Every structure is written in structure tokens, then in C-alpha cells.
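Features as listed in TrEMBL:
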TRANSMEM  20-42  transmembrane segment
TRANSMEM  54-75  transmembrane segment
TRANSMEM  135-153  transmembrane segment
TRANSMEM  169-187  transmembrane segment
TRANSMEM  207-226  transmembrane segment
TRANSMEM  238-259  transmembrane segment
Amino acid sequence: MHFSDSFLPTANSVGISSMVAYFFMIFAAYAFLGGFIFAWLGKSSVAPEHRTSRYFTAIIAAVAGISYMLIAHFYHEMLSELSRLTDPAKREELLRTSYNAIGQLRYIDWSVTTPLLLLKTVGMLKIKPSQAKTAIFWLLFADLFMVITGYIGEQQIGADGHILVGDKLIWGAISTVGYIIIPVVLWNLWKRFKDTVQPEERTAFKWLALSTVTTWGVYPLGYILTTVDGFNLNYIHISFSIFDVINKVGAGAVVYLAAKSVLEKKVADDAVAEVHLVD
């Protein structure tokens, strides 16, 4: 619906799937705003050795929140244009070509947030950089390689705005190499350092590492589905928005609970030690 010089989308003008996609984009932006505030205010509620992870969580939430504000803004502009079109073919064309433009913003987000997510994961094993320099280098290199080559793949678009399927799938296959390396490196770090940390930290590491082969998997699947002719790309917008929140806010919650538990245990142990000293 148009209000003077502004526009607010409704299902009757842009379609229900577009409205659901728009809803989850705004939802994600709000979730990351809340995640940033919680991470910043709760940084003193965790064990000192895990406070760096809280800063990582705040940065991740800030970057993702700004990204989703931009994504929602440009998607809103596209919906405004969509509401003026009556030809079904032109509406479908706009939805398909706009996805390529808007979707690239997520890759810029991921180039910052996914390396920090991996550093948070490694932080659960309390690994000092000097202890595993090579492994951490390859972990971050593989991640950036995955994101950048995936971004290049998203740019495989013809002059008409349509996806060049063959070229995009080739770049997707190249990107998958980085994706495979990540869990392999995490597994090797787990074997080396799992016995040096507390049970809560081991559990958190396992959950975060497992996410790289489960909830992260929605992204390559969505990448492939963009090449399927006639597939409603709003479903990918919806899925990516939901899983971005799960993978970033969820990871922050896992780390926070583990680090808070470590602090509580440490405080309890110190209290017991003080009692013994008094005795």
C-alpha cells in the first residue's frame, strides 16, 4: 500500500511468499539488534578467558544486523516496484533478477561474520594462536575462500540479468572445497585439544563444529536451487534469514551458556577454597 511518498507492502499487492520473506528479513535485523545488546551487556557474566568471544558475538550481531537492514531496505524497494506490475511474467522476472542483486549482500556479511564464528568455535577449546597457527590459518583461509568464490559464483549473470547456470555451478563446486576443509580442520583441533578444557566447553565446541556440517548446509543447497528454473527464490530468502539467525544468534547463546557455566563453577570452587583457608 502506498502512503503519499512511502510504501508498505501487503500480500494483495506483492504476494504471500514475498511478504513472508520480508517478515523474516525484518525479524533477522531485530534478532541481531537484540543479540548485539545482550552480548555487550553480558560480557562480564562469563569466565574471563571467554570474554573475547563475547566481543566476537557483538561484532557478528552488529555486522549481520546492518546487513539485514540493507537487505530489507533493498527488498522493500523491489516490492514497491513489484506492486506496480500487473503482468505475471514481468513480476516473476523482477523477483528472479532482484535476487541476484540483493543476495550478494549476504556474502559481504559472511566474509566478516563466518571467520569470527569459527574463531569463537576454536575459542571453546581455549587454543592459543601459537599452539595451532597452521590449523587456524587454514581454517580462516578455507572459510574466506569458500565465501569469496561463492560470491564470484553469484555474479555469474548474463546481460539480461539471468543466471549463467553452468558457470555458477562451477564456482559453486570450487567454493565447496573450502566448505569441506573447515570441518576437517575443526575435527583435528578437537582431537588435539579436547582434553584440555572443561565438559561445558567441549559440549559447546561440539555444537558449534556440528553446525558447520548441518545448519551451514542450507547455504550451498540454496545456492544450487537458484539455478532451478521456476523455483520461487523467496523461499531461499526465507531460509537464509532464518538460518542466519540460528547460526549467529544461536552460536552466541551456546558460547554464552558454556562460558557462564565455567564462571559459576570457578566462583563456587573459589568459595570452597576460601572456606578451607578459614578453617
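Using N, Cα and C of the backbone, Cβ positions are placed for all residues, glycine too.
TrEMBL entries are annotated by machine, without manual review.
Remember, it's a predicted structure, so these values are computed and weren't measured experimentally.
Tertiary proximity for the transmembrane segment (238-259) is limited to same-chain residues at least six positions away from its ends with a CB under 8 Å from its CB atoms, namely 17, 20-21, 24-25, 27-28, 31-32, 34-35, 38-39, 42, 45-47, 50, 53-54, 57, 60-61, 64, 68, 106, 109, 113, 117, 120-121, 123-124, 200-201, 203-204, 207-208, 211, 215-216, 218-219, 222.
Only residues 6 or more beyond the boundaries of the transmembrane segment (207-226), in the same chain, are considered here, and those with a CB under 8 A from a CB of the stretch are 99, 103, 117, 120-121, 124, 150, 153-154, 163, 168-169, 172, 175-176, 179, 182-183, 186-187, 190, 233, 235-236, 239-240, 243, 246-247, 250-251, 254-255. Between the transmembrane segment (135-153) and the transmembrane segment (169-187), the number of CB pairs under 8 angstroms, six or more residues apart, is three or more, so the stretches are in contact. Among residues of the same chain six or more beyond the transmembrane segment (20-42), those with a C-beta under 8 A of the stretch's C-beta atoms are 9, 54-55, 57-58, 60-62, 64-65, 68-69, 71-72, 75-76, 79, 234, 237-238, 241-242, 244-245, 248-249, 252, 256.
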